[in-house]
């Protein structure tokens with residue numbers, strides 16, 4: 001249907017906006033226009049009613065028979081509806097074109113539109129048009145009205161018949177029945193009117209029913225809308241609650257997700273800890289097995305040591321028993337010698353004046369010569385007995401001869417008593433070996449028993465001394481005590497050849513001895529006594545007492561624990577202390593530190609250090625600088641000034657030296673010291689050389705490696721700050737690995753050490769157990785991986801001194817080196833930053849130390865990681 005066929009149009013929009021019903025029009029006005037439009041529409045309906053009445057009057061005046069009267073149309077309620085219907089369709093007729101006449105329109109409606117569509121709200125006659133626009137009406141009631149079908153043709157026909165009957169006046173006077181309002185009441189209604197009224201009543205009833213239904217529908221729709229609104233409100237509240245619950249659930253899900261991630265991380269951490277614990281447990285089991293094996297070895301060693309001690313104690317007991325027997329035999333021989341001496345003195349006492357006269361004379365006549373010869377016979381015959389006599393007097397507490405005899409040189413030879421029987425160079429051999437010599441005179445004077453006693457006693461004494469000299473030397477205290485006793489007896493024999501004022505057994509013997517010495521001189525001379533030169537074998541030897549031997553043995557046990565300075569002071573106490581303090585067995589560990597020494601002093605020590613196995617020179621200083629001597633001249637004059645004395649020490653120690661330490665001796669001991677050690681001490685096992693002025697180079701390392709192949713511990717890191725920091729380089733590390741593949745402990749350092757040299761060192765030294773890095777560049781995880789890839793599988797101790805290291809590098813070392821038992825990190829802020837006093841450097845250094853300290857909380861690091869921070873943080 002086109003828009004012009006619709007019955008209602010909008011008064012605001014015009015003809016182009018038409019509607020099927022008033023409810024649609026009202027809805028359009030309410031939503032498209034303001035409420036004023038509804039008021040205008042109600043007024044327009046009233047005007048339309050007036051216009052319809054005027055149009056009906058005009059049609060009646062024109063003479064159209066079918067046009068009803070306006071009064072009748074307005075008086076009858078149905079007519080009003082018809083007039084309103086005609087006015088409602090007026091716009092439609094105007095839009096379609098002018099109609100020829102009113103009757104044609106009615107005829108058209110009567111024949112072509114028997115039924116007309118009226119709105120339900122216009123059906124009741126008592127409901128005016130103004131009530132349609134009342135503001136009190138519910139909008140839903142106005143929009144929900146429906147159309148009612150009415151038979152318009154029948155109604156118009158009946159209406160026209162009624163109008164014609166009313167318009168024809170009856171004969172007689174007076175106005176007709178339809179002339180006025182007063183004439184209509186007495187007239188009886190016609191059947192058509194009755195039928196019309198009945199139909200109109202039925203239409204009203206039907207319309208009212210429709211309206212009631214519409215009102216119920218409106219109320220129902222309102223209730224439904226209210227219920228829907230309430231339900232929507234409840235649904236919105238429920239939706240908001242659900243949204244809040246959803247947000248809470250989302251947050252809870254996020255929290256659970258985070259907790260899940262934390263639990264997964266914790267689980268992974270626990271798994272890693274379990275792995276580390278398993279590895280640690282395995283390593284502990286392996287260590288336990290090693291410890292058990294080591295314990296079994298130690299137990300075997302203890303058993304062997306106990307057996308050795310028992311055997312040594314048995315040998316010592318037997319040696320003491322033999323020594324006691326030997327001393328008792330010596331005492332018995334001394335007694336016999338005294339008795340023989342008394343016999344000889346009594347035999348010589350018959351002619352004392354002649355002997356003294358011949359001894360004091362200076363002529364070279366025959367009797368003068370024979371006199372000294374006879375005196376020499378008596379002296380030679382009493383040589384051995386006089387020795388024992390001196391021993392007895394020296395051992396007695398009353399004489400104190402051992403304390404009055406001056407100390408002799410300890411380097412004297414170990415000669416035996418046979419030297420007393422040899423002739424002096426000044427004397428002729430005919431006096432001792434000829435027919436009138438010593439042997440024949442002794443036999444003629446003393447008899448056969450006395451003649452055989454002197455050779456027998458001298459032979460026994462010589463055999464005893466040889467047995468002591470051939471005794472094997474050990475480094476134990478028991479063996480060293482024996483060395484002291486042996487050397488004490490031999491040295492006392494040489495020391496007994498002191499001044500001539502040593503007390504003699506008796507005045508009867510002194511005279512013949514002195515006269516013999518004087519007469520033995522080829523140049524002759526006066527009768528006054530003259531001293532024999534020190535160390536001359538013509539003097540009688542002294543045998544020390546057992547008490548002195550025990551005292552020297554006790555001193556030796558004590559002096560082995562004294563340092564070098566104390567030993568030098570102890571040698572100035574007395575002869576016995578001097579003897580023990582300068583015995584080579586005491587100077588096994590030589591330590592010189594914090595002192596000013598010269599080369600001559602070291603050369604003097606060399607004569608006592610023949611058995612030294614450890615030599616330590618630390619922080620030694622040369623002579624003081626002169627007032628007029630410049631620093632350059634002083635440095636040139638003192639450079640290597642102790643190397644000559646060190647060479648004497650090394651030459652004296654020889655193959656006995658096992659440990660050599662030279663540290664903090666700048667300029668006075670250079671790297672030439674290691675070259676000297678390689679020449680003289682080829683049995684070295686531990687070498688330490690640290691210098692700030694002359695660090696070792698690859699040439700010196702090559703020389704040391706060529707001469708000393710048994711070194712297992714090497715400490716050659718330069719001191720910091722070093723005057724030649726690049727001298728110790730990767731080439732030195734490579735040379736160390738080639739020279740000593742069985743190295744166990746090593747200390748290197750310096751700016752010249754790089755990852756290449758460390759990797760080569762780790763590859764060659766597969767048995768390395770202790771590694772110390774001093775002032776090396778930063779050790780990162782990459783450097784640690786490169787070094788551990790080549791070796792260090794058996795490393796037990798890692799020391800990083802002033803060497804920056806990252807926590808990951810330490811973790812890598814701990815994971816690769818299974819036998820690692822200790823990691824020592826000594827760091828300072830100056831090792832990381834050039835400006836340690838700046839706040840940023842201090843803060844970064846504190847963070848680094850905190851990270852390193854955090855490693856101690858990891859499993860396996862708490863007991864092996866030791867961090868030492870210089871100055872604290």
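Each residue, glycine too, has its Cβ placed from N, Cα and C.
The shown structure was predicted, so the numbers you read here are calculated from the model rather than taken from an experiment.
Checked against Swiss-Prot, the range among 7-32, 33-58, 59-84, 85-110 recorded as region 'Disordered' is 85-110.
What Swiss-Prot records as phosphoserine, among 160, 283, 760, 815, is residue 760. Cross-referencing 255, 358, 456 with Swiss-Prot, the residue annotated as omega-N-methylarginine turns out to be 358. In Swiss-Prot, the entry for phosphoserine among 430, 452, 476 corresponds to 476. Using a 10 Å radius centred on the Cβ of residue 760 (phosphoserine) and all shown protein chains, the other Cβ atoms total 21.
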